[in-house]
Amino acid sequence: MILLWSCLLVAVVGILGTATPQPGNSSLHRLTRQLLQQYHKEVRPVYNWAEATTVYLDLCVHAVLDVDVQNQKLKTSVWYREVWNDEFLSWNSSLFDEIQEISLPLSALWAPDIIINEFVDVERSPDLPYVYVNSSGTIRNHKPIQVVSACSLQTYAFPFDIQNCSLTFNSILHTVEDIDLGFLRNREDIENDKRAFMNDSEWQLLSVSSTYHIRQSSAGDFAQIRFNVVIRRCPLAYVVSLLIPSIFLMLVDLGSFYLPPNCRARIVFKTNVLVGYTVFRVNMSDEVPRSAGCTPLIGVFFTVCMALLVLSLSKSILLIKFLYEERHSGQERPLMCLQGDSDAEESRLYLGAPRADVTESPVHQEHRVPSDTLKDFWFQFRSINNSLRTRDQIHQKEVEWLAILYRFDQLLFRIYLAVLGLYTVTLCSLWALWSRM
C-alpha cells in the first residue's frame, strides 16, 4: 500500500513538472539565443563585404530650446530615427510562433557610427537601450535628442529675423562604399512636417529641407545628409516692448514742435523726453541680442532716434538763444537814447532856450522863471516820446524777429519730419528685405 502511494505521488509530481513551462524553452528566448549566440557586433552585418549598408535617416524638429547669438549656438530638441538592415538578424517567423518583431539591446548589436558635424556640446538624450528588429533583419533605432549645434546666426533684421541652421549627418569612419545614407521618408513630407513642433515658443518652424550629397576628402568619399532647419522669430513681444515705446516717444517729441519757439517749457519738455528715452534704452539693452559680426537694425534704430531727440533739443536751444540775444541787444537802445545829450540840446534849440555861454540881464531872468518850467516840461515830454517811440521800434523788431523765428522753426520742423520719415521708410524696407532673405 505504501509502495502504491509512493508511485502515485511520483507520477503526480512528474505530470506537474512536465506541465510547467520553462523560461528557457519559450519561442522568444530560443529566437534571442539563436540570433545572438554567434553574433559579432564588431563586424558590419553583410554577407558580401563589397555591398554597402544603407542607413535610412529621418528627423523631426520638436522645439527650439535656446538661440545663443553671442556664442553662435542653437539648441534644439529633435526626434531622430535611423533604420538599417542587419543580414545576420533575420529568421523564419513560422518556426518561432509567428514572431515578427522583437526588441534587442543596442549594445549587443552592430550600429552605424553616424554623427552630426555641427555638434559643439555633449549629446543629451534619454537612455533607450533597446531597438526593434523584425524578421527580415531591419533594425529601427528611434530616440529623442537635444542637439547643441554651431550655427551662423544673423541678427541684422532682429526682431524680424529668420535663421537657417543645418544638421549634417555622416559616418565618421566608413566611406560611401561601406555605409551609404538614404531618406526614410519623402523629402516633401520631411519639409512640411510641423505636427510635433511646439508653436508656443519664441520661434516658429518654417521648413526642414533635406539634401543628399557625397563629401570628397583625402580619406575617401563620405555620404552626407543635411537637414536645413529654417526658423523665424515671433516678433510680437519685441515690437510691443521695444519698438512701440520708441515710436510713442518720437511722436511726443514731434508734438513738442507745436509749442511756441520762445516758450522755455519747450526745452524742459524735450529734455524730459530725452532723459526718459535714455532710461528706457538702458533698461531694455538686455533684450537686444549682442553679436560681434554685425549690429542689428534695431540698435541703429535706437541710436538714430536718440540722435534725432538730441537734434530736436539743440534746435530749440538755438532758437531761444537767438531770441534772447535779440531782446538783450534791443533793451540797451532806450538807455543810450535817454542818456544822450543830443535830444536835450535839440529840445532846447527848438524851444528857443539860450546857450550856456550867453549871459542874460536880471530883467530877463525874472521873466524866464515860468518859461523855464514850461521848457523843462517840454523837454521831459519830448524825452518820454522818444523813449516810447524807441520802444515801439524795438517791439516791432522783436515781432519781426519772432516771425522770422517762427518761419525758421517751421522750416526746421519740416526738415526734421522729412528726415524722420525717410529714416522710417528706409528702416522698414531693410527689415522687410532681410526678413525675406
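Every residue, even glycine, has its Cβ placed from backbone N, Cα and C.
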Quiz prompt | Annotation match for N-linked glycosylation site in Swiss-Prot, from N92, N199 | solution = N92
Exercise. Scan N134, N385 for the residue that Swiss-Prot records as N-linked glycosylation site.
Key: N134
Quiz item: In Swiss-Prot, which of these is labelled N-linked glycosylation site: N25, N164?
Solution: N25
Quiz item: What residues in the same chain, six or more past the boundaries of the topological domain 'Cytoplasmic' (260-264), come closer than 8 Å to it by Cβ-Cβ distance?
Solution: 316, 319-320, 323, 402, 405-406, 409
Practice problem: Look at each of the glycosylation sites, N92, N134, and point out the one with the fewest other Cβ atoms around it within 10 Å. | Solution: N92
Practice problem: Just give me the nearest neighbour of N134 (N-linked glycosylation site) among the recorded positions N92, C151, C165, N283, Cα to Cα. | Solution: N92
Quiz prompt | Residue among recorded positions C151, C165, N283 with Cα closest to the Cα of N92 (N-linked glycosylation site) | solution = C165
Exercise. Grab the pLDDT values for the region 'HA-stretch' (377-409) and give me their mean, rounded.
Key: 72
